[in-house]
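Down below is the structure, laid out as structure tokens.
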Amino acid sequence: MSAKVKDRIATGVIIFFSALIIAVLVGMLAYILVRGISHIDWHFLTSEPETIKAGGGIGPALFNSIYLLVLTLIITIPLGIGAGIYMAEYAKEGRITASIRLIVEVLSSFPSIVVGLFGLLVLVNTFQFGFSVLSGALVLTIFNMPLMVRVTEQAFRSVPIEQKEAGLAMGLSHWKIITSILFPVALPAIITGTILAAGRIFGEAAALLFTAGMTTPKLDFTDWNPTSLHSPINPLRPAETLSVHIWKVNSEGLSPDAAQIAAGASAVLVIMVLLFNLLARWVGRLLYRKFTSIK
Amino acid sequence: MKAKQETPLLFRKHRAEEWIGRIYTTFCVALLIVIIVSIVYFVASKGIATFAINGVSLSEFLFGQTWQPDSNKFGALPFIFGSFVTSLLAAVIASPLSVCAALFMTEITPNWGKKILQPVVELLAGIPSVVYGFIGLSVLVPFLRDIFPGQGLGVAAGSVVLSIMILPTITSIATDALSSLPRNLKEASYGLGATRWQTIAGVVLPTVLPSVLTGVVLGMARAFGEALAVQMVIGNAPHIPRSLFESASTLTSVITLNMSNTVMGSVQNNALWSMALILLLMTFVFVLIVRLLERRARI
């Protein structure tokens, strides 16, 4: 076989496999959306799930997912950005910094189920938080911190050195330079990264089985007292999220329309993830434009 | 930017600001260290209890083939085997596909290939694992059931679902490695009259091999730890499968299904923690391999 024929064949194989990947994604999205969207209506999005009867909705699960995400971000953002700033600005290359880097790497590759079990042992049982939104949010913090650290560190490192030198020339303190010169420049990249990470948290399930729990008490959306069990904003109530609900319906669902519910809920989940992706791109571009037009 | 006149003079204010910043960021980093130390400590202390307190022998746990908690048999080999087989197969399926996708984006059509395939890969990475499980259960499993013998649930279904999940990991690392390759390497090869494929196979791929392997190992690590998607399609039978289409279990699927049905502190519960400990140790092994490969890639 001549070299040219081989080249043609190889190119053909590469193009074929690439097309296959695109086809798999398009096929999956089409499947999810076509099967799911017909099932999505206002009733499905807002009503309570049913265990045995047909016609259950995903209202509480959807609310729990969003609430858990918000709580997680409130905890993670300041901590992750702080640690990221340390890695970018204060850490000196050496053994300690190298081991912190290793820790971030290991933390981000821990299986989510192991982190969930850790949450079960320490947060749910030892600290007595029970199966709760708070336990779930703290466990998700463990996942999200390494991501935030990496995003922040990269964003700070990509700020042009002249900006920092200008601040130093003015005699500002290092912390002042970080907060008022470097941080605003790094902000668009941090926000984009945070939104992408939020998409991932939104779909996480394995760790939440053992921390946020697999049930939701009956929620009363007129009760905003954070200590009442039926209040939606009580951080110490159990909360089954959308992803956990999909898993539960698929593996032990008893209702006759379990497959449709799973399809509808999957469609909602995928649409939310797509929205997070688009939002990240849009916000990133918007902030970038705003930032660069100042000059 | 307006310079505040008083700041250069206020030395004490400077000091205070500096200390606040340092203490705050150091606290955040210290938290990471506390988290990882406590995860390792708690999981290890629970996982070791099976052997130290309940007296299950380590060799029985690692190599025993019967898992019957009621009659005190805690052989976890079928689950360990299941985890290794599914993640290895997933890597075998995903690696060639990922490398082709990366080559497509960097070598064949750098312009529009990247515009199409890059978002596809990012979206694949963003789809939640339960959705993969659901699609596997409602599309892949019936498909396998119709074509091959058996229930459709099994190692094959698990590996295919996992391979799609780890595809983005391998692809993005391979793409980064390929696009950071120095131009003159390829130009020298083309200058000698080599075709594109000769250049890719003879020059490009050997040079980026360590980086691609890094991606494969990271993908395997992800596959090894993935829980719910695998649990939904693998069938969850507690024995070593004899064919790809037979139902099996992985460490993660056994933990998922049994953890909430066992009493904290019982032998069976502790055995599940020992499996979690194996997952934890495997993470360290994977990270170690990745580190070694990265050192190779740098030289």
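Using N, Cα and C of the backbone, Cβ positions are placed for all residues, glycine too.
Here TrEMBL flags B:80-290 as domain 'ABC transmembrane type-1'. Feature annotation from TrEMBL assigns transmembrane segment to B:21-44, B:79-104, B:116-141, B:153-178, B:199-221, B:271-293.
In this chain, the transmembrane segment (B:271-293) lies close to the transmembrane segment (B:21-44): three or more C-beta pairs between them fall below 8 angstroms, excluding pairs fewer than 6 positions apart. In this chain, the transmembrane segment (B:79-104) lies in contact with the transmembrane segment (B:153-178); the count of Cβ pairs under 8 Å, excluding pairs fewer than 6 apart in sequence, is at least 3. Ranked by number of Cβ pairs under 8 Å to the transmembrane segment (B:116-141), the listed stretches B:21-44, B:79-104, B:199-221 are led by B:79-104. Long-range contacts of the transmembrane segment (B:21-44) within the same chain: residues 273, 276-277, 280, each at least 6 residues beyond the stretch ends and with a Cβ under 8 Å from a Cβ of the stretch.
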